[in-house]
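Colleague: Handing you a structure now.
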Amino acid sequence: MKKGVLISFEGGEGSGKTVQIKRLRDRLTKAGKDVVVVREPGGTVISEQIREVLLSPKNIGMAYTTEVLLFQAARAQIFREIVLPSLAAGKVVLMDRSRDSSTVYQGMVRGFGVDLIEGLNELSTKKTYPDLTFLLDVPVETGLERRNHTSKMDRLDMEAREFHEQVRRGYLTLARKNDHHRWVIINSQQSIDAISERIRDEVRARKIV
Ligand code: TYD
């Protein structure tokens, strides 16, 4: 069924995903590829509404179980509406966060367990894994500093420092296990150019585009 290529970007706050996704999109588009860029949670009218509920600082009282299910609901919608049809049409889909965000934030850090969350991921993605996942790894201190310069705080950004440390460790654990041989860990303290060259090399080396 799947003919296109799915590439996801993961990492904690201020890891620099967005700028790298833009660069890869431009590079691939110049090379004549049909590229679709989406972010999670979000990316469709329904998923953006769910995003608003999830991230609004007003919803400080949200139960963790609600959070788990809303992230999956937003994911189910974007896979159904955008990701799966784009892959079926042979496009390259670049995702700013996807299933691994839930595995780390909800499965590992919130403590729901990797197995439960992976089960829900299977449901919401219709058993679709990225072909390649870049983990942009940055020390928590650096990431939070970068973020403070660029954006306002959402509900999850306001978590304590230890939360962000757990997120970082969770990602590294997952990426080092490297199930499905799709993870590439990149030190995101390097220059933007160095990171984007590494990403280009990995994409080329795997001949996925
Ligand atoms: P966003 O502003 O997109 O964060 P970032 O710029 O860091 O990517 O907000 C998404 C937040 O939601 C982020 O803190 C990570 C969190 N998240 C989860 O906890 N679970 C998930 O499944 C997803 C997709 C995101």
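Using the three backbone atoms N, Cα and C, a Cβ is placed for every residue, glycine included.
Not my notes, these are from TrEMBL:
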- Gly11, Gly12, Glu13, Gly14, Ser15, Gly16, Lys17, Thr18: ATP binding site (BINDING)
- 9-199: domain 'Thymidylate kinase-like' (DOMAIN)
Colleague: Quick check on the binding-site residues Gly11, Gly16, Lys17: which one has the highest count of other Cβ atoms within 10 Å of its Cβ?
Modeller: Gly11
Colleague: Near ligand 1, which of the binding-site residues show up if the criterion is a Cβ under 6 Å from one of its atoms? Options: Gly11, Gly12, Glu13, Gly14, Ser15, Gly16.
Modeller: Glu13
Colleague: Any idea which of the binding-site residues Gly12, Gly14 has the thinnest Cβ neighbourhood at 10 Å?
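Modeller: Looking at the binding-site residues Gly12, Gly14, the Cβ with the fewest others within 10 Å is that of Gly14.
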Colleague: Can you name the residues of this chain that are 6 or more positions from Ser15 (ATP binding site) yet have a C-beta less than 8 Å from its C-beta?
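Modeller: Those within reach of Ser15 (ATP binding site), by Cβ under 8 Å and sequence separation of 6 or more, are Leu136, Asp137, Val138, Gly143, Ser188.
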Colleague: Taking only same-chain residues 6+ apart in sequence, whose CB is under 8 Å from that of Thr18 (ATP binding site), what do you get?
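Modeller: Long-range Cβ contacts: Asp96.
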Colleague: Give me the sequence-ordered set of same-chain residues, not including Gly11, Gly12, Glu13, Gly14, Ser15, Gly16, Lys17, Thr18, with a C-beta within 8 angstroms of the centroid of the ATP site's C-beta atoms.
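Modeller: Near the ATP site, beyond Gly11, Gly12, Glu13, Gly14, Ser15, Gly16, Lys17, Thr18, sit Leu136, Val138, Gly143, Arg146, Arg147, Ser188.
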Colleague: Please report the three-state DSSP label of Glu13 (ATP binding site).
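Modeller: Once the DSSP labels are grouped into three classes, Glu13 (ATP binding site) ends up as coil.
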